[in-house]
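Taken verbatim from TrEMBL:
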{"type": "SIGNAL", "residues": "1-17", "note": "signal peptide"}
{"type": "DOMAIN", "residues": "46-170", "note": "domain 'Corticotropin-releasing factor binding protein N-terminal'"}
{"type": "DISULFID", "residues": "Cys53-Cys74", "note": "disulfide bond"}
{"type": "DISULFID", "residues": "Cys97-Cys134", "note": "disulfide bond"}
{"type": "DISULFID", "residues": "Cys176-Cys198", "note": "disulfide bond"}
{"type": "DOMAIN", "residues": "179-300", "note": "domain 'Corticotropin-releasing factor binding protein C-terminal'"}
{"type": "DISULFID", "residues": "Cys230-Cys257", "note": "disulfide bond"}
{"type": "DISULFID", "residues": "Cys270-Cys311", "note": "disulfide bond"}
Amino acid sequence: MCHFILIFLMALRGENRYLELREAADYDPFLLFGANLKRELAGEPVYRRALRCLDMLSLPGQFTFTADRPQLHCAAFLIAEPEEFVTIHYDLVSIDCQGGDFLKVFDGWILKGEKFPSSQDHPLATTERYIDFCDSGLSRRSIRSSQNVAMIFFRVHEPGNGFTFTIKTDPNIFPCNAISQTPSGRFTLVVPHLRRNCSFSIIYPVVIKISDLTLGHLNGLQLKKPSAGCGGIGDFVELLGGPGLDPSKMMPLADLCYSFHGPAQMKIGCDNTVVRMVSSGKHMNRVTFEYRQLEPYELENPSGNSIQEICLSSV
């Protein structure tokens, strides 16, 4: 099992929703990944705290990293609500680019070579998704992500050096790619006459119930078979599962090729589940679905419409 995904699964269980509002140094950074951490900052003092070498940020605020020793392999994972963009604004930067320090923003998440959104689903080439402070300086003081997640990679050699940045969020009217903050929820993915691929990622084994799918085709639901699928149909939704982060490296589990009004339900016992819409640009495509984390007894005793056998080794 991917160790990173396991940490997420552990962190997201139980009473870990409000830990970021307590003393940060006492907790593992991935415990900060929760649904109810966001709060309205209008009219309130901006939330501030120190940034750790390995960190997870899920609410707006100002964060400062100051090296107390050489920190060579650091990263901060940023996540907002699925319907939001993340904006990173550099307030102050004091690093030695000539001495080997760096400060980079990645548009999305990347881990062990796996990216979200995948290269197939992101509008920019991978090289363009990196924004290096040592190349651009403060000429790009503010950087906005293309979806609800972003990352900051940094290396600081000299104690006392560091940087301060502010995170803000903005509404995304038509969110295309997103990672869910929560193990359960409801979401509607809409692609309005655009030729693009959009993925919604849930880092849990889940049961998914699709209540509505509009693709401009006839009614029907087709499970994927080795020699079957949606074929030449230009607009469809696929369900993917796997242990990693990159949808393009996951196992295709089912194709939904035609419009229907559900519910259609499926249990997927993979560490990561993705609902991915492929659109030709000819239609206003829409899919509405609910999801919840599978209970341990459901993983141990599968029943009904489930696809688990390819994932059981990583559960």
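Note: Cβ is positioned from N, Cα and C throughout, glycine not excepted.
All features noted in TrEMBL, drawn onto the structure.
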| residue | record | Cβ neighbours (10 Å) |
| --- | --- | --- |
| Cys53 | disulfide bond | 18 |
| Cys74 | disulfide bond | 18 |
| Cys97 | disulfide bond | 14 |
| Cys134 | disulfide bond | 15 |
| Cys176 | disulfide bond | 22 |
| Cys198 | disulfide bond | 24 |
| Cys230 | disulfide bond | 19 |
| Cys257 | disulfide bond | 23 |
| Cys270 | disulfide bond | 29 |
DSSP says what for the domain 'Corticotropin-releasing factor binding protein N-terminal' (46-170): how many helix, strand, coil residues?
-> 12 helix, 67 strand, 46 coil
Going by Cα-Cα distance, pick out whichever of the disulfide-bonded residues Cys53, Cys74, Cys97, Cys134, Cys176 is nearest to Cys270 (disulfide bond).
-> Cys176
Rounded to a whole number, how many Å is the Cα of Cys198 (disulfide bond) away from the Cα of Cys230 (disulfide bond)?
-> 17
